[in-house]
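Taken verbatim from TrEMBL:
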type: ACT_SITE; residues: Glu249; note: active site, proton donor
type: ACT_SITE; residues: Asp382; note: active site
type: ACT_SITE; residues: Glu491; note: active site, proton donor
type: ACT_SITE; residues: Glu516; note: active site
type: BINDING; residues: Thr602; note: Ca(2+) binding site
type: COMPBIAS; residues: 73-83; note: compositional bias 'Low complexity'
type: REGION; residues: 67-87; note: region 'Disordered'
Amino acid sequence: MPVATLLPFTATPNRKSASPTSFRLTEKFILLLVFSAFITLCFGAIFFLPDSSKLLSGVFFHSSAVETNTRTGPDSSDSGSAGNDDRVLAKIRKDHEKALLEAKDTLQKRPDEIKQDIIIEKEKVVKESMGQGGKDVNNLPFVEYRRPPGATGHEPLDPETRDRRAKIKEMMKHAWDSYRRYAWGSNELRPVSKQGHSSNLFGDIKGATIVDALDTLYIMEMFEEFDAATDWVEKNLDFNVNAEVSVFEVNIRFVGGLLSAYYLSGKEVFRRKAVELGEKLLPAFKTPTGIPWALLNLKSGIGRNWPWASGGSSILAEYGTLHLEFMHLSKLSGNPEFAQKVMNIRKVLNRLDKPQGLYPNYLNPNSGQWGQHHVSVGGLGDSFYEYLLKAWLMSDKTDEEGKKMYYDALQAIETNLMRKSSGGLTYIAEWKGGLLEHKMGHLTCFAGGMIALGADGAPGDKTGHQMEQAAEIARTCHESYARTALKLGPEAFRFDGGVEAIATRQNEKYFILRPEVIETYMYMWRFTHDPKYREWGWEAVQALEQHCKVEGGYSGVRDVYAPTPNHDDVQQSFYLAETLKYLYLLFSDDDHLPFDHWVFNTEAHPLPVIKKDKTDRPNEK
């Protein structure tokens, strides 16, 4: 048979052809009409026969509806489908009635009952979300929370002490209420202009004062304020920012504050947030030596150092003040990487020669070599030494490496930096390339408390000697306050040119609500119970009230030697975290945050001693 007969629509014969195999025009029309009718009939059957939509989807898309029908049984009759529909409708009606009854019942409850129900449901969801290996939705291991002793105290028996303690709580309330009224959510408060203030140290992270103040609110039993702060943290604290932050400042204030709030209250939100932020800081350690960058973009993970820091060096007090927080992050997250990062820093330091046994403030993270040979127990160096001692104490005195590094460093400081003025004042100078600069910073005044804290573990018979050193430093720092017009200490004071414990340069005369002198008073009171330390602390309270308190909070002053204060219009977050906390503890009994159970980070955030006799319970009694 000719091909044209089989494929009439593909043949294109010339209309003039007289070939017997060609179709006439009428024949072509009839064939086209028949074919069209056939196609219409097929598609009509698909779309209009019963359950045709399921047939269509099953043929073309293998729909889940067809698969479900196959799994539930062979009966696909209309009566079966109708029965299924009836059951579905009945279930919908039943669920609807149940929901209405629950809503009616809820509306009849008191607000506090509704809130409690929500809390219970949240706890239930958390428990149900626990998957394999005891991990929750954030991949955190289950931790049995037990609050260490002394999270809150009791009223002192002595009436005067009790009244002074109450006064400090009143100061905290004024500082907090002012921040909440004028700067809520900002990092800090401008108390004179009554508006928010944000430092570039935190990038675009907000709420530094809230996080810094959490534990102070808790230990002062300001629970309504603590709950408001907790709610803000849960709803608004966000670390997903495309901005550069100071690794050091974010660690001591935010990570430390969140960890402390968790250990005091047991609220999981603080553990989750602390670990989340800790993980975002880990890229800072991506250097050839593992010595972290000072600055880090939290989104890109790109780090760098301060351009002014000795040819792009990392700073001793910054990379050396991560240990306490990162050890606790490993405990609470189950991730050993945090601890490994900070232990590696020690390995790098132990490989290096120390000039005169001292640690220079600058270390190049690429070469692993010291920068300028500038040594200070104040700014740029201070908290490195503090964390060596406290790492040993926080480890339940098992970190022998940290202990040895601390006491060796303290001996080098005593030999090379500690001096006594002609007037009998002991001070710690700064060392620059072998030459001493006879000045002492306000930041250095923490050393009195540090030396007292470590005196009991001093090698040989040096305990008494170190307590004497601590007392002498406390006296020197008190003199730096007493010799000013406002009875508040300058940023730095000198022992040269015929002056002692006095600032001689204009850029050293300011006071920004710093805590270090009061911190030393608190430690000295705990270890000696000499009443002069409480008296010195009370002098500071009176000066703060007279010269720093304004209607909108508390402000630093630009010149402590001027007869009237010139306010700098900043209420620092550490004023609530440290200064007021240390004052409150100075007038509290010793069993409030006792030293055998708690260690304070350098922002005064209390962290529990990690008891080694009960592993896997970092916060065990």
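The backbone N, Cα and C atoms fix where each Cβ goes, and this holds for glycine too.
Heads up, TrEMBL stuff is auto-annotated, nobody curated it.
Computed from a predicted structure; not experimentally measured.
When the C-alpha distances from Glu491 (active site, proton donor) to the recorded positions Asp382, Glu516, Thr602 are tabulated, the minimum falls on Glu516. Around the Cβ of Glu249 (active site, proton donor), a 10 Å sphere holds 20 further Cβ atoms from the protein chains shown. Taking the active-site residues Asp382, Glu491, Glu516 in turn, the residue surrounded by the fewest other Cβ atoms inside 10 Å of its Cβ turns out to be Glu491. Cα-Cα distance from Thr602 (Ca(2+) binding site) to Asp382 (active site): 9 Å (rounded to the nearest whole number). Comparing Glu249 (active site, proton donor) with Glu516 (active site), their Cα atoms are 17 Å apart once rounded. A sphere of 10 angstroms centred on the C-beta of Thr602 (Ca(2+) binding site) encloses 25 other C-beta atoms.
Separation of the C-alpha atoms of Glu516 (active site) and Asp382 (active site): 11 Å, rounded to the nearest whole number.
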